[in-house]
Amino acid sequence: ADKLNHLSILNFLNEQDPRVDNGDENTERGNWTSKKEYILSMIGYAVGLGNIWRFPYLAYKNGGGAFLIPYFVMLVVVGIPLFFLESALGQFCSQGPVNVWSAVPLIQGIGVAMVVVSVIVSIYYNVIIAYSLYYMFASMQCPLPWSGCSSCDGSNCSTTPEVSCNVSSVLVTNWTQENSSCSSMQTSSELYWDNVALQRSSGLDETGPVVWHLALCLLLTSIIVTAALIKGIKSSGKVVYFTATFPYVVIVILLIRGVTLEGAKDGIEFYIGSQSNLTKLTEVWKDAATQTFYSLSIGWGGLIALASYNNFHNNVFKDSFVVTLTNAGTSVLAGFAIFSFLGHMAHVYKTPVSKVVKEGFGLAFIAYPDALSKLPISPLWSILFFFMLLTVGLDSQFAGIEVITTCLLDAFPTVFKSKHVLLTVTLCSVLYLLGLPCVTRAGIYWVTLIDQFIASWVLLFLVLLEIIAICYIYGGNRFIKDIEMMIGMKTSTFWLWWRACWFFITPCIFLLISSLVYFEPPNYGGIPYPDWGMNLGWCMIAFVLMWIPVAAGYKLIKAKGNPWKVCTCSLCSPSEEWHPYLDVHRGERYSEERCRRRNNSKIKAEVNLNVISSSWL
C-alpha cells in the first residue's frame with residue numbers, strides 16, 4: 001500500500017501540470033482564473049515594503065508636499081508608460097522576461113539579467129519578511145518586549161531618545177550630537193532590534209553564528225511561499241485575495257487610530273501640511289523618479305512574467321492605470337498612518353518629529369514599534385502592523401519567485417512542465433539555504449549590501465536598454481501595432497502621448513537621473529564595510545550585467561556568417577519565435593506566409609551585404 005501511494009504521488013508530480021485548467025485560453029501555459037486575480041497579484045507585487053517605509057521617509061525628508069508634486073509628475077511620464085510597456089510586452093507573446101526578447105535576439109541578455117536580479121533580491125527580501133514574522137510573534141506578549149529596558153542588554157538604554165554630553169565634568173542632557181564629547185542614548189526599541197532580534201555583530205567581518213529564531217522564521221516564510229506557489233498562478237491567485245487586500249484594512253484601522261492620538265496633527269504636518277517646504281521643489285526630482293521606479297517594480301521582470309498569463313485580448317492599458325494609481329494611493333495613505341503615530345510619539349517624548357523619524361529598517365522596526373508600545377492594548381496594534389508587513393512582503397515575494405519559475409518553464413518546457421510542484425519546492429529550498437548568511441549575526445550587513453548594490457542604478461541601466469531595444473531597434477510603431485492587435489485599434493491622437501513618452505521623455509529622464517546618481521559607500525549603523533565586502537558588491541553588479549554581452553556573444557558565435565551582417569540582419573530583427581503564442585491570435589501580420597516573406601527579406605539583405613562587401617574587397 002505504501003508503495004502504491006508513493007507511486008501515485010510520483011505519477012501526480014510527473015503527469016499533471018497544475019498551472020493549467022480546462023477552461024484556459026492557453027492550454028499549454030495556463031491563464032489567470034479571473035481578471036481579479038491578475039489585478040490583485042499585480043497590485044500585491046507593486047505595493048511592497050517600500051511603500052510602507054521608504055515613501056513616507058522620502059516625503060518627510062524632501063519637504064512633504066514639495067515631494068508629492070514631482071512624485072506624481074514622474075508617475076505620469078515614467079511610471080505608467082513603463083508599466084504599460086512591460087505588461088504589454090509580456091501579454092503579447094505570452095512568454096517570460098527572457099523569451100520575450102525573441103523580438104530583439106541580440107540583447108536577450110537583458111531578460112537573463114532581470115531574472116538574476118529577481119533571484120538575488122528574493123534572497124534578502126525573504127529575510128525582511130522573516131523579520132516581520134519574528135516581530136509579529138514577539139508582539140504576542142504583554143507588555144511588548146521592547147517597551148522597556150529590562151529585556152535589553154546594555155547600560156546606555158533609555159525610554160526616551162536623548163543625548164548626554166560631558167562638558168567640564170558636568171553632565172548635560174539634550175546636547176547637540178555634533179559635539180564630539182556626546183554619546184547618544186539608545187531607546188529600548190533600538191536595543192531590542194540590535195541586541196535581541198538581530199543579535200548584530202560589530203561588522204561584516206564578524207559573521208558569528210546563525211541567529212536561530214530568525215532562521216526558523218525564514219524557514220516558515222519559505223514554507224508559506226512554497227505552499228502559495230505550489231500550483232503556480234492557480235494557487236497564488238487565490239492567496240492574493242487575502243494578502244493583497246488585508247494590508248488596506250490594517251492601514252485604514254491604524255490610520256483611524258493614529259489620527260485620534262494626541263500629537264498626530266504634528267506628525268501629519270511634517271508629512272504634508274503647513275510645514276511642507278516648497279523651496280525644495282527643485283531638489284527632489286531624483287528621489288521622486290527613483291521612488292516611482294522602484295515602487296512599481298519596473299525592470300525586475302515580474303510585470304512581464306505576470307502579464308504573460310493574461311488572455312491575449314485583455315485590456316492591458318486599463319489594467320496599467322488601475323495598478324499604478326492604486327500603488328501611488330497606497331503610498332500616500334500609508335504615509336498618513338505612519339506619521340500620525342510618529343507625531344504622537346514626538347508628543348510623548350516631548351521632542352520634535354524630526355528626532356523620532358528613521359529611514360528604512362529604522363522606521364519599520366524601531367520607530368514605529370516604539371510608537372505602538374506607547375498605546376493601550378499595544379500588542380494588538382503591534383500584531384496588526386507586523387502582520388500587514390508580512391502580507392505586503394509575501395505578495396512581492398510571490399511574483400519574484402514566479403519570475404524564476406516562469407523563465408525555467410518557458411526555457412525547458414519538456415523538462416519542467418509536468419514537474420512544477422517539484423520545481424517550486426526545490427527553488428524555495430535553495431533560496432532558503434542562500435538566505436542563511438543573512439540571518440547570521442552579520443546578516444543585516446549582508447541585507448544592506450545586496451539592497452544598495454543590486455536594487456539601485458543597475459535597474460535604471462536595464463530599463464534604459466529595454467526602452468532603446470523596443471522603441472529604436474524593434475520599432476516603437478511596430479510595437480504599437482502589436483498592442484492594437486490585443487486591445488483594438490486606437491486613434492493617432494491616443495498614441496501621440498505614449499510615443500512621446502517611450503521615444504523621448506522617459507529615455508531623457510533616465511539619462512538625467514543616471515547623471516545625478518553618485519556612488520555612496522554602503523554602511524549600516526555608521527559601520528563602514530571592509531574592502532572585500534565592497535569588492536563583493538561590485539562583483540554582484542558585474543554578475544548581473546555580464547549576461548548582456550555574454551548572451552550577445554553567444555548569439556553571434558552560434559550564427560553563421562559575417563558578424564556584422566548577422567547582427568544587423570538577423571539578431572536585431574524579430575526571430576521566428578516572436579509572435580502571439582496561439583495561432584488563432586496571429587492574424588495576417590504573424591501568419592506563416594508573412595513569416596516566410598520576412599525570412600526571405602532577411603536572406604536578400606544578407607546577399608546584398610555580401611555583394612557590397614565583395615565589391616569593397
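If you go along the chain as it appears here, the first residue is 1 and each next one adds 1.
Cβ coordinates come from backbone N, Cα and C, glycine included.
A TrEMBL annotation is a machine prediction, not a hand-curated record.
The transmembrane segment feature in TrEMBL is assigned to 38-56 (among others).
What TrEMBL lists as Na(+) 2 binding site is G44. Under a cutoff of 8 A between CB atoms, and with a sequence separation of 6+ in the same chain, the neighbours of G44 (Na(+) 2 binding site) are V240, T243, A244, V392, L394, D395, S396, F398, A399.
According to TrEMBL, the feature Na(+) 1 binding site maps to A46, V47, N51, S295, N327, D395, S396.
The feature transmembrane segment is assigned by TrEMBL to 68-89 (among others).
Taken from TrEMBL, the feature transmembrane segment covers 110-137 (among others).
TrEMBL lists C149-C157 with the feature disulfide bond.
Among the features that TrEMBL reports, transmembrane segment is placed at 210-230 (among others).
Counting same-chain residues at least six beyond the ends of the transmembrane segment (239-256), those with a Cβ under 8 angstroms from any Cβ of the stretch are 36-37, 40-41, 43-44, 47, 228, 330, 333-334, 336-337, 340-341, 381, 384-385, 387-388, 391-392, 394-395, 398. Per TrEMBL, the feature transmembrane segment maps to 239-256 (among others).
What TrEMBL records for 292-309 (among others) is transmembrane segment. Within the same chain, residues 26, 29-32, 38, 41-42, 45-48, 50-51, 54-55, 71, 74-75, 78-79, 82-83, 86-91, 93-97, 100, 111, 114-115, 117-118, 121, 233, 316, 324, 327-328, 331, 396, 399-400, 402-403, 406-407, 455, 459-460, 462-463, 466 sit at least 6 positions outside the transmembrane segment (292-309) and bring their C-beta atoms closer than 8 Å to a C-beta of that stretch.
Summarising the annotation, TrEMBL assigns transmembrane segment to 321-342 (among others). Within the same chain, residues 39, 42-43, 46-47, 51-53, 55-56, 59-60, 68, 71-72, 75, 79-80, 83, 247-248, 251-252, 254-255, 258-259, 261, 264, 267-268, 270-272, 295-296, 353, 356-357, 363, 367-368, 371-372 sit at least 6 positions outside the transmembrane segment (321-342) and bring their C-beta atoms closer than 8 Å to a C-beta of that stretch.
The annotation transmembrane segment is assigned in TrEMBL to 380-409 (among others). Sequence-remote contacts of a segment are chain residues at least 6 beyond its ends whose Cβ falls under 8 Å from one of its Cβ atoms, and for the transmembrane segment (380-409) they are 29, 41, 43-45, 47-49, 51-52, 96-99, 111, 114-115, 118-119, 121-122, 125-126, 128-129, 132-133, 135-136, 139-140, 144, 221, 224-225, 228-229, 232-233, 236, 239-240, 242-244, 246-247, 250-251, 253-254, 257, 297, 300-302, 305-306, 308, 364, 368-369, 372-373, 416-417, 420, 423-424, 427-428, 431.
Long-range contacts of the transmembrane segment (421-447) within the same chain, counting only residues at least 6 positions beyond its ends with a Cβ under 8 Å from a Cβ of the stretch, are 13, 18, 119, 122-124, 126-128, 130, 198-201, 203-211, 214-215, 218-219, 222, 225-226, 229-232, 361, 401, 404-405, 408-409, 524, 527, 529, 533. Taken from TrEMBL, the feature transmembrane segment applies to 421-447 (among others).
Per TrEMBL, transmembrane segment is recorded for 453-475 (among others). Residues 82, 85-86, 89, 101, 103-104, 106-107, 110, 113-114, 117, 120-121, 290, 293-294, 298-300, 502-503, 506-507, 510-511, 513-514, 517, 522, 537-538, 540-541, 544-545, 548, 572, 574 of the same chain, all 6+ positions outside the transmembrane segment (453-475), place their C-beta atoms under 8 angstroms from a C-beta of that stretch.
Taken from TrEMBL, the feature transmembrane segment covers 496-519 (among others).
For the transmembrane segment (535-557), the residues of the chain that approach it from at least six positions outside its boundaries are 105-110, 112-113, 116-117, 120, 449-450, 452-454, 458, 461, 465, 522, 529, 563, 566-567, 571, judged by C-beta separation under 8 angstroms. The annotation transmembrane segment is assigned in TrEMBL to 535-557 (among others).
Tallying C-beta pairs under 8 angstroms between the transmembrane segment (210-230) and each of 38-56, 68-89, 110-137 places 110-137 first. A sphere of 10 angstroms centred on the C-beta of D395 (Na(+) 1 binding site) encloses 25 other C-beta atoms.
Residues 49, 96-101, 197, 213-214, 217-218, 220-222, 225, 299-302, 304, 365, 369, 382-383, 386-387, 389-390, 393-394, 396-397, 400-401, 403-404, 407, 431-432, 434-435, 438-439, 443, 446-447, 450-451, 454-455, 458-459, 462, 465-466, 469, 540, 543-545, 547-548, 551 of the same chain sit 6 or more residues outside the transmembrane segment (110-137) yet have a Cβ under 8 Å from a Cβ within it.
Sequence-distant neighbours of S295 (Na(+) 1 binding site) (same chain, six or more apart, CB under 8 Å from its CB) are A46, V47, G48, G50, N51, R54, F55, N327, A328, S331, listed in sequence order. Nonlocal intrachain contacts for the transmembrane segment (38-56), taken as residues 6+ away from its ends with a CB within less than 8 angstroms of a stretch CB, comprise 32, 87, 128, 233, 236-237, 240-241, 243-245, 247, 271, 291, 294-297, 302-303, 306-307, 309-310, 314, 319, 322-324, 326-327, 330-332, 334-335, 338-339, 359-361, 363-364, 388-389, 392-396, 398-399. Within 10 Å of the C-beta atom of S396 (Na(+) 1 binding site) sit 25 other C-beta atoms, taking all shown protein chains into account.
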